[in-house]
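To start, the structure itself, in C-alpha cells.
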C-alpha cells in the first residue's frame, strides 16, 4: 500500500496540474476468446483496488481473416492514448508490432493457455530424439494455441486434436508413420479419462510413449494413477506456483482454480509495479496517430525493458522476460516424473521456464527404441498340438519364419521396436493404371509401413518409388514343384520286370527242354540207359521226372547236376544252359534298373519338357512375380516375332540373309502362358456323370492361376499321379519340399533375382540397415538362418528321402513269400513221405511174414531160375570182354565181373 501511495504521488508530481493520473492499456485478443473481455475487466479492477490507482483499458478483437478492420480499431484506440500494448493473441500480430515499434510504445506478449507446458514437454521429447508426436488437448481453442506455439519453434512433427473420440482413435491407429510419442494436455480429470479411453482403444502398447501433462496444480501423490498400465512420463507445474500467482504463501489450488483469471490479475499488477519503478521524467502514456507515427515513448520502453531484465534473476517474481519474443511469461517450475505401475512415481527432472531442460543429478533415462511397421516374409505360427494358428492378446496372428527372425535380429542390432503388418491390398506390389502401387510397395509409398523384409525382388520400376537395401538372400528365382509319383507297390513286383509272354515263354522252354532230354535219353543208342556197357559206374537215369528237375535246377547257381551222356543230349543241354545264362543276366540287369530308375524317375526334368508335353497341367499364383515373368517373356517373344517379321517382309538388298527354314524364335513361353490361363474344356452333359470325378474336377480345379501358394501346393499334393506342376518362387518351393515328403523340385533354377529389404524413398533407415546386414554377414548369421529353415536333414524322416537306401521289402516281398511257400510245401511233402514210408514198411513186414509161413519152394523150380540167372551173367561178361565202341573215351575194363545178389542159406528177417 505504501508503494502504491508513493507511486501515486510520483505520477501526481509528474503531471503537475492533474489531481489524479492513470495508465491506459490496450489489449489485443483473438475474436474466438470473448470470455477474455470479462476477465480483463476483472483483472484491471483488481489492480485498481490493489494499487489504489485509476486504470483505463481497451480491447481490440483480432479477426485474422479481416485484419484491416482490427487495424482500424487499434489505430482508434492508440489515438486516445496508450501506456502499453498487451498482446494476448495466439501468435504475434505483425501490424501491431510494426506500429508499436515505430511509436516506441511497449508491446508485451503473454500466454494464458497450455502453451508453456506444451513447450516444456517439447523440450523433453527433443531430448528423446522424437521425430513426431500426437498431442490431444481439451478444446479446439487449445489446439489453435498449441499449433501457433509450436509451428516454427519445434523440431517435432506434430498431430494435434481436441479430445479422443472413436474417430480420432481410428485416425491414430491408421496414421502412418505411427507417432513416436503421445501427449495428453489438460486438467487431471480430462487427462485421466482420455488415457483410459486410449487403453480401451488399444493405443497404449509401448513403454514411455505416452506423456501426461497436467495444467492444474494438483498434488500427484493424491492422484489415482492405477489406470496407467504402461511406464509413462508425467509433467506438471509445481503446485507451489499456484500460490505464487495469487500471492499467497499457504494455499491449496483445487481443480476448479481459474488459472487464466489469476494470471491476468498478476500480470497487470506486475506491469503497474514496473511502471511505478520508472523514472518520473519519462512519459507513461502517449497518443499515437497511425497516419503520422513518431516515437514519443522510446525512452519509457527501454526503461521498462531494463526493469524486466533486472527481474529475471529474481526468482520471487511470478513472470520472467523473454527478450526474443518480447513477452512476460509465467516463471513455472516444471516437474517431470516417471511412473511405473510396479514401482510408482519418481521425479527425474526439475527446471524453471526460463532455464534449459535438465535431469536431476544421478538420473538416467532408459533409451527409447524407434518403432517401425514391417511387412515380413512370414508364415502363421501354428499350435504344435492342434495345428491351429496362434494369436496374441490383441487378436492378431503370430508369425514365424526367416524374415521374422531376421527383423528381430535387426531390431536388436539397431535398437528399435516393430510391429508386423500385412499389406492392405494386393501382394508384393504392382503398378496400377492410375500410376499408384498396391501391395507391399504401395504401403511403403504411402507411409503405411516403414520396412519391408519380404521376398521382394529388385526391379527398376520399384526403385522409382521406394529404396532398396543390399540383398539379404542368395540368388533366387523360379522352380517347378511336382508330386512324386506314387509307386504301385506289389509283393511280386520283381515279376513285372518281364512281361507275361516272356514268363510263359520261359516256362514253355523249360517244359520243352525237360521233355526233349527225356526223349533223347530214351531213344539215343549212346545214352547211359541204352548203352550201359560204356558206363560201368552208376549213371543218372533221366526219367521224365528227372528230366524236368534237371531243366528246372539249371536256373540255379549250382546247376542241374549230372548231364546226359549222349552227344545229342549234351548238345541240347549246352544250348539250354546258354539260354539260362542269358535269361538270368537279362532278368538281373532289368530288375536292378527297374527298381532303381523307378525311384529316381520324374515325369519332366525341365521347363522345356513341361512346355512340350500335354499330360501334366501346371499353374502359377495369379498376379505374382512368376506370373508376371511369363507375361513379360510372352510379350518379348511377340515383340521379337514382330521385329523379325518386319525385317524379313520388307524388301531389301540383304533380305536373303534372313531366309531361314525354321523360325528362329521359340514360342515356349507363349505356350506356357496359354496353358496356365486356359479354361476347362466343355463337357457334353450326357458324359458328365461318367467322368466327373476323373476329368471335370481335375480340369476345373487344376487349370488357371491359383489365388495363393498354399492352394498351388495343395493341388500338386492332391494329384497323386504326378500330372500337375506348380511354378513358383524357388525359395518357397525349396522350403515346402523340405517339409513335404510328397513333393520334389524338377529342372534348373531360372529367372534368378535376389531378395532385398525395401524402405520408404529417402528413408534414413537405408544406410543403417545396410550396415547392420554387413555385420550379420560377417557373423554368418544369414547362413545359419538359411540352414534353419531350408534344412535338408528334415527329409530324412521321409521313407524315401535317400535314393540310395536300397530296395524295399514291398518290392521283393514275393521272393520271401515264394521261399516260405517252398518251405511249407517241403514240410507237407515230408509228412507225405513219412506217411508213405511207414505204410510201405508195414506192408513189407506183412509180406515177409506171409512168405515165412508158406511151404518151401521146390528145388527144381529154384534151380531152374538160378540157371537162367547164371546164363545171363555169363553172356553179359562175354559181351564186356569184347572190345566195343563207346560214346566218349576209350574202352573200359571192369574190375568186377560177377556180383552175387542171392542170399546165402535160408533168409531169416
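For all residues, glycine too, the Cβ spot is worked out from N, Cα and C.
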- Check each of the ranges 574-597, 598-621, 622-645 against TrEMBL and return the one annotated as transmembrane segment. 574-597
- Query: According to TrEMBL, which of these ranges is transmembrane segment: 760-785, 786-811, 812-837?
  - Reply: 812-837
- Task: Tell me which range among 483-501, 502-520, 521-539, 540-558 TrEMBL lists as transmembrane segment.
- Result: 502-520
- Measure from the CA atom of residue 431 (site 'Interaction with the cone snail toxin Con-ikot-ikot') to the CA atom of residue 462 (L-glutamate binding site) and give the result in Å, rounded to a whole number. 9
- Note on the structure: The predicted model's mean pLDDT over the domain 'Ionotropic glutamate receptor C-terminal' (370-792) is 80
- Query: Can you tell which of 604, 741, 798 has the most other C-beta atoms within 10 Å, given these are the recorded positions?
  - Reply: 604
- Which one is it: of the recorded positions 431, 604, 741, 798, whose Cα lies the shortest distance from the Cα of residue 626 (L-glutamate binding site)? 431
- Counting only residues 6+ away from its ends, which parts of the chain sit with a Cβ under 8 Å from the transmembrane segment (502-520)? 495, 527, 542-544, 546-552, 555, 564, 566, 568-569, 572-573, 576, 579, 583
- Message: For 431, 462, listed as recorded positions, tell me which one has the smallest number of other Cβ atoms within 10 Å.
- Response: 431
- Message: Pairwise over 457, 462, 625, 626, 729, annotated as binding L-glutamate, what's the top Cα to Cα distance to the nearest Å?
- Response: 19
- 10 Å Cβ neighbour count around residue 729 (L-glutamate binding site)? 24
- Task: Using C-alpha positions only, work out which of the recorded positions 431, 741, 798 is nearest to residue 625 (L-glutamate binding site).
- Result: 431
